[in-house]
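Have a look at the structure below, then the notes.
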Amino acid sequence: MCSVLAIALVVALLGDMHPGVKSSTTSAVTSPSNTTVTSTTSISTSNNVTSAVTTTVQTSTSSASTSVIATTQKEGHLYTVNCEASYSHDQVSLNATCKVILLNNTKNPDILSVTCYARTDCKGPFTQVGYLSAFPPDNEGKLHLSYNATAQELLISGLRPQETTEYTCSFFSWGRHHNATWDLFTYPIYAVYGTRLNATTMRVRVLLQEHEHCLLNGSSLYHPNSTVHLHQGNQLIPPWNISNVTYNGQRLREFVFYLNGTYTVVRLHVQIAGRSFTTTYVFIKSDPLFEDRLLAYGVLAFLVFMVIILLYVTYMLARRRDWSYKRLEEPVEEKKHPVPYFKQW
């Protein structure tokens, strides 16, 4: 009994000397039956947004325990997101790809949810057009969202809007929240045509038309800084020729490129004064200018063929006629008959 009292006295003295257990921040008084652990996570994202999450967990034990208030730092995966619109040749469907790019050598970030918003007026509010989550409900909205965890890409598809639209998608992962914005310009891209000149050279014509939208801040297509470049690998190819053309009664700006090889998809970097965007354009139809020339060449070849046939027929008729005239003009030799003999009686 005395030994037990002595041990209790020593424990009490030690408790007075160490009033708490030091963690990363503070400590609390012990509780005989309950344990309360409060964890506060402070996260700083790449866009300077700091969030704090406080979690309180209560457990019951049959023995004495210690309540600790600890602050921990959860390290999230550093990444950025680049989104790019994609046009089809008929411009009916909307396709876009958001690529997640890691900034550190950690494993791929676990994207928990993606929410996309859109607006057509620069001053109007954004409305939700798509939602994708690792937990049900899944994929709700006007756009179809699908995430490829292996390629770390978000694929967005739907009907093409009738006017230029701003999009923003929020990516949520463990300890991270990142916003990515991109624009779908219904104009000024009027058309993109590709023509294979020979086995090694291809000509690409990009036609742009004037487009007034709040995103362009009043910038004009005919501004000296307005231009188009083609992406070929890691290089930006400038246009070989820039001119103003009229097509179907519309005034257009034409950019001509010459590429080595044959392509059905080109990536365009369009810059209108201070505003720029990159888009992937798929062209399947051949250049109508080339088709017009081909038709003209075909008609010319047909006319030449008909002239040759006409000359040949004329020559044959003339030759036959000359042969007939020759037969008529040939002297007819009279056949000599003997002098008739009359018998005299």
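Heads up, the Cβ atoms here are built off N, Cα and C, so glycines get one too.
Keep in mind it's a predicted model, so treat the numbers as computed, not measured.
If you check Swiss-Prot, you get these features:
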DOMAIN    91-190  domain 'Ig-like V-type'
CARBOHYD  Asn34  N-linked glycosylation site
CARBOHYD  Asn48  N-linked glycosylation site
CARBOHYD  Asn95  N-linked glycosylation site
CARBOHYD  Asn104  N-linked glycosylation site
CARBOHYD  Asn148  N-linked glycosylation site
CARBOHYD  Asn179  N-linked glycosylation site
CARBOHYD  Asn198  N-linked glycosylation site
CARBOHYD  Asn217  N-linked glycosylation site
CARBOHYD  Asn225  N-linked glycosylation site
CARBOHYD  Asn241  N-linked glycosylation site
CARBOHYD  Asn244  N-linked glycosylation site
CARBOHYD  Asn260  N-linked glycosylation site
REGION    23-42  region 'Disordered'
SIGNAL    1-23  signal peptide
TOPO_DOM  24-294  topological domain 'Virion surface'
TOPO_DOM  318-345  topological domain 'Intravirion'
TRANSMEM  295-317  transmembrane segment
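Shown here: features listed in Swiss-Prot, placed on the structure.
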residue: Asn95; record: N-linked glycosylation site; DSSP class: strand
residue: Asn148; record: N-linked glycosylation site; DSSP class: strand
residue: Asn179; record: N-linked glycosylation site; DSSP class: strand
residue: Asn198; record: N-linked glycosylation site; DSSP class: coil
residue: Asn217; record: N-linked glycosylation site; DSSP class: coil
residue: Asn225; record: N-linked glycosylation site; DSSP class: coil
residue: Asn241; record: N-linked glycosylation site; DSSP class: strand
residue: Asn260; record: N-linked glycosylation site; DSSP class: strand
Long-range environment of the transmembrane segment (295-317) - Cβ separation under 8 angstroms, sequence gap at least 6: none
Position of peak Cβ density within 10 Å, selected from the glycosylation sites Asn198, Asn217: Asn217
Asn244 (N-linked glycosylation site) versus glycosylation sites Asn95, Asn148, Asn179, Asn198, Asn225 - nearest by Cα: Asn225
Position of peak Cβ density within 10 Å, selected from the glycosylation sites Asn95, Asn148, Asn225, Asn244, Asn260: Asn95
Integer Cα-Cα distance in angstrom, Asn95 (N-linked glycosylation site) to Asn217 (N-linked glycosylation site): 25
Residues satisfying Cβ distance under 8 Å from Asn241 (N-linked glycosylation site), sequence separation of at least 6: Glu254, Phe255, Val256
Neighbour tally for Asn179 (N-linked glycosylation site), based on other Cβ positions within 10 Å of its Cβ: 15
Spatially closest candidate among Asn148, Asn179, Asn198, Asn225, the listed glycosylation sites, to Asn260 (N-linked glycosylation site) (Cα to Cα): Asn198
Rounded Cα separation (Å) that holds between Asn148 (N-linked glycosylation site) and Asn225 (N-linked glycosylation site): 37
For Asn198 (N-linked glycosylation site), the one of Asn179, Asn217, Asn225 that lies nearest, given that the glycosylation sites are compared by Cα: Asn225
Cα-to-Cα gap, Asn217 (N-linked glycosylation site) vs Asn179 (N-linked glycosylation site), nearest whole Å: 23
